[in-house]
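These features come from Swiss-Prot:
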{"type": "SIGNAL", "residues": "1-24", "note": "signal peptide"}
{"type": "DISULFID", "residues": "Cys28-Cys77", "note": "disulfide bond"}
{"type": "DISULFID", "residues": "Cys38-Cys54", "note": "disulfide bond"}
{"type": "DISULFID", "residues": "Cys55-Cys100", "note": "disulfide bond"}
{"type": "DISULFID", "residues": "Cys75-Cys114", "note": "disulfide bond"}
Amino acid sequence: MARSMKLACVVLAMCMLVAPMAEAAFSCATVMTDLRPCLTYLEAANNASPSPPCCAGVKNLQAAAPTVADRQAACNCLKSTAGAISNLNANNAAALPGKCGVNIPYKISASTNCNTIRF
């Protein structure tokens, strides 16, 4: 519970910073809601598998970002969230979309340059 609250606070703070720049109807709250079931997977050892609710959230997130601006905003939220999880398994974060059958042309990472997303 404390972990979820910490993640929620970090994502909310980052949303307030990123939202004015994104010019998108997309919300970081969407990221938090959709990816909350993934927290255990993101902190797990390598070769873990995301849960079905986690993958459902990843697919919902992809569907919620239909425009380039939305995708850039989603990327910025993912980037901020990845940087805020102290025991994040970077390999699991990068593998998450593929393990859930979602194709995105960037890795979920604290170092992703979201401004280059044009798909």
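Backbone N, Cα and C atoms are what each Cβ position is placed from, and that goes for glycine too.
Overlay of Swiss-Prot feature records on the structure.
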residue: Cys38; record: disulfide bond; contacts (Cβ under 8 Å, 6+ apart): Pro50, Ser51, Cys54, Gly57, Val58, Leu96
residue: Cys55; record: disulfide bond; contacts (Cβ under 8 Å, 6+ apart): Lys99, Cys100, Gly101, Val102
residue: Cys75; record: disulfide bond; contacts (Cβ under 8 Å, 6+ apart): Tyr106, Thr112, Cys114, Ile117
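Taking all protein chains in view, 25 other C-beta atoms sit within 10 angstroms of the C-beta of Cys28 (disulfide bond). For Cys100 (disulfide bond), other Cβ atoms within 10 Å of its Cβ number 21. Taking each Cβ in turn and tallying the other Cβ atoms within 10 Å, the top scorer among the disulfide-bonded residues Cys54, Cys77, Cys114 is Cys77.
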